[in-house]
């Protein structure tokens, strides 16, 4: 027991190294055999429990562990891992498992701490490259091949296809040399397949870009047939594209389908694109089928007699009698019907396939014309050319249409008349009335019974203001063809210009019976009733018009104008507001709506309309003055003052703006009133001097100033020689806003420019 008793030191100083040689007797395993408590625990069931297995297999074995007191007995941790700081097999284990701390497995007790490895001395010098070695030559050659492939791709992106192909070929030659050298040095398994694939793929792509399709297909075949290249089957899409360019549609579809079979379903986008290519190829296949079907249609025999059969070869009265008898018999009528039906089918088929069988409709029409010229229907070729010109018109390519039609000036009379009619129409649209009249005369002289030619001639006369003569041409067109709606429409306009309103109404009512839902005809009937001062009938027909075209802003504004003239402000507001919704840039409608809100004492709502008007016409000071006046009338004097100041900055010489600034500043009590009053006096004096000069000039001249008559009340007409004549509706009448609308007892009247 005395061995565990420690005596106090004689001095007061602490011993820094005391206690390091002491140890706990609990860890003295040499005396465990004599420890009765331990031996009893071993004999009990607690002592017979199985040993604890370590969670880390590599450290499951108990290793000798040194205690802090120098014990030599091994003691495992609870996890089977040696305790930190132990000595194992003569090797000191570090306090942590970080090798960078300078500890190694080979470290022994007493070894120097050298984390940077300075004791090993300087690093040995780098070995010099041996450029003559086979490995280095292969490496340099591989680098050169990669550079050539990159240069080829760059040249292709810059548009230099020839240089791109040369670089690709050079890369292919060097790659083959590289493969042979690599086979001599290493085994075939070490060949760079990725490099070979990229070289061949780039070469095939450059062949295809240079339209060397045979070489491109051969190169793609080399890649596809090589089983060592993974996913090479996708290149069959490229092969299909080449066959598509060669118009070998069957092979293109075959390769597209082969590629589709080799692409897994997870690549949905790629599969969709390939299926799209298959669909396009089928469409192109249909183009060839359409051409073949058209050629078969042309080759169908009519089995009818020629027209020469019905011309008498002699003066034999018996023969002439027989020919006259069979000229119009049932068999001859059947022949005419069969020929007309055949021509109709051929023309319809040509119109349908021409825009789709080639890259453009013009090339398609040219192909159809050539096929027709080589058949028994030669006379249909001219009709196809005219249809080609009309197609140019639909696409608004007037120059090409004129070029096409001018080729028929020296053809036979029927074709010449049709071409001249369309040329007259084109020049009329371009307001070249002299050229239009010239071609209209040519069309009439070539075929006097052509109603379209007579209508066009009437249009040129109408444009020159000779309405009586224009009516004669329209009447002649109707005599030749009573169903010519263009002539009937135009003669109604002519009667309206001549103020023969009953006859004009009769024409438009007849036309309405033929064209029940024609918006132009409905408007003309309503307009004639308005001119006849029958607003109720005009409103009724305009209601029918907006049932056909409910979004026509001018028709709605016209209804608003008629209701306003009848004194029905609420209905007028409804239709003016609807017109504004569909077309918010009509200045007359905006002005009416603004004035309506002022009349009903809702000046705040009028502001938005006058602000929009000022945006549409920023140079018109009137709208900005209206905005400022609305602010003033609604009691927002500060906003009104700011608006007047802004107007004065933009229009410093506007007298009305300065007058209101003086009045507002006076009422509010601002010091700026004197400045604005001085400017106002100066401007008024300048205005007075200007007016005196004008009066003196009039007195000195002694002549009366001629007054030009405006055409605001006349109708702006547009005569369409090949379609119903469209006369634009008159604009809604402006509601004049003058000083009476802005009478203000406190601040005076708004003075606005006329």
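Here the Cβ of each residue, glycine as well, is placed from N, Cα and C on the backbone.
Unlike curated records, TrEMBL annotations are generated automatically.
As annotated by TrEMBL, compositional bias 'Basic and acidic residues' applies to 727-738.
Residues or ranges marked as compositional bias 'Acidic residues' by TrEMBL: 739-754.
Per TrEMBL, region 'Disordered' is recorded for 1-26 (among others).
According to TrEMBL, the region 'Disordered' annotation covers 112-135 (among others).
If you look up TrEMBL, you'll see 691-754 (among others) marked as region 'Disordered'.
Residues or ranges marked as repeat 'TPR' by TrEMBL: 233-266 (among others). Looking only at the repeat 'TPR' (233-266), the predicted model's pLDDT averages out at 89.
Positions annotated as repeat 'TPR' by TrEMBL: 451-484 (among others). Below 8 angstroms of C-beta separation, residues 417, 420-421, 424-425, 428, 433, 436-437, 439-441, 443-444, 490-491, 493-495, 497-498, 514, 717, 719, 721-722 of the same chain, each at least six residues beyond the ends of the repeat 'TPR' (451-484), sit close to that stretch.
Look at TrEMBL and you will find 485-518 (among others) tagged as repeat 'TPR'. The DSSP breakdown of the repeat 'TPR' (485-518), given as helix, strand and coil counts, is 27 helix, 0 strand, 7 coil.
For 519-552 (among others), the entry in TrEMBL reads repeat 'TPR'.
TrEMBL lists 553-586 (among others) with the feature repeat 'TPR'.
The repeat 'TPR' annotation in TrEMBL covers 587-620 (among others).
Secondary structure of the repeat 'TPR' (519-552) per DSSP, as helix, strand and coil residue counts: 27 helix, 0 strand, 7 coil. With DSSP states grouped into helix (H, G, I), strand (E, B) and coil, the repeat 'TPR' (587-620) comes out at 27 helix, 0 strand, 7 coil. Across the repeat 'TPR' (451-484), DSSP classifies residues as 27 helix, 0 strand, 7 coil.
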